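Listed in TrEMBL for this protein:
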- 42: active site, proton donor (ACT_SITE)
- 187: active site (ACT_SITE)
- 281: active site, proton donor (ACT_SITE)
- 299: active site (ACT_SITE)
- 385: Ca(2+) binding site (BINDING)
């Protein structure tokens, strides 16, 4: 799996000899007619995605470099074979796939007959690979199944909050876990909504992404922190810790054009990394370790890369340098890089997930590379959640089962997003107020007469404006009581800077 998952990394590195050797090894030795149970989600993003990306890049270097002329689409055929072996998982009453499938027996395996539950990310991270597979192979069944699954998930959102839960029943569509955030169990569903719009051109996915995004920024975002809430009670927090998978969110915000909160959340994560050497698998709201493992995950590096590409701020090169030196010092072992069992002790685990070569080091290499020196123009591709490269020309191939018409369920408000000018106020001026966020020693801002809680009057417009400019909103609880919520996302940063001066 690691070899298939990381073949396109060899292309980006420009190591064509090793890439050709890898392709030959895969074609000669990899086969999928095995009596084993696999994750539909992981097999799709790592194996189907890896084969498709390697196929696309092989044809690219055939055309542009005149090498590997012997290759004749073998990996595309392998991807189609694997895709057919995953299809039985989609035979549910909702069209949402089972979490696991047997590669030889489908869902007829005794272990799988009682399976009912899957996570939102597992069910919603299929479309990029399946659409690309359909359009390259000419077989529309894969893309059709993936669209059906995405449509079914969209219908299951909470209609009041526009939030999604994390675990559901694939047959009834009932939610099993109603926690809603942007981390584990849901992360790449949001990513694939936006990237499906980019790759395929169907604006219903942009509309859906924007609806979810606005809900996340309204209920889940608290300044640079992203805290899970209950989808049906979005003002109620469902847990007091964050997991490291949410580190992908700033990168997605950059792609969608909302850079200010991306800078804030990334800065918070960078401080967590410096505090604990690595970003732990989960950390509490006061930034203490909740789960101490670190699996060399790529999400923080991914966001660092996209922020650097968007802003040109050399701060992000320094962040990448710090991350790379940390990997070299604390994770490198004689045969590769080992996951850290506990960031407090530095003890290693005997594992190196395939995403380390497919994503972590790929994004580090891209961060420090001049795009003009790369063997491919990465702006002509989109990165999947496993950092596989799919060409944007996929949309031009078309699919007879696919419609580009805008659905009536969306209105113009779902498309009203603007990209801010990155030269105006960030990233330094946005990072500065957060510089000591985790240590708790925030810089004092000199002001005139301070508004004390004892003096506050809800009927006083100046008082309301003062707390609003601080990013504070009030929710009435009845009986004269209110609850206050603070969000950097709503804070008037420009006003704070002027007050500072």
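Yeah, the Cβs are placed from backbone N, Cα and C, and that goes for glycine too.
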Could you tell me which of these active-site residues, 42, 187, 281, has the greatest number of Cβ atoms within 10 Å of its own Cβ?
187
Do you know offhand how many angstrom separate residue 281 (active site, proton donor) and residue 187 (active site) by C-alpha?
14
Over all shown protein chains, what is the count of other CB atoms within 10 A of the CB belonging to residue 299 (active site)?
24
Residue 42 (active site, proton donor) to residue 385 (Ca(2+) binding site): how many Å between their Cα atoms?
11
Any same-chain residues 6+ apart from the residue listed as 'Ca(2+) binding site' with CB under 8 Å of its CB? Would you list them in sequence order, or say none?
45, 125, 128, 188, 191, 192, 248
Residue 299 (active site) sits from residue 187 (active site) (Cα to Cα, rounded, in Å) at a distance of 11
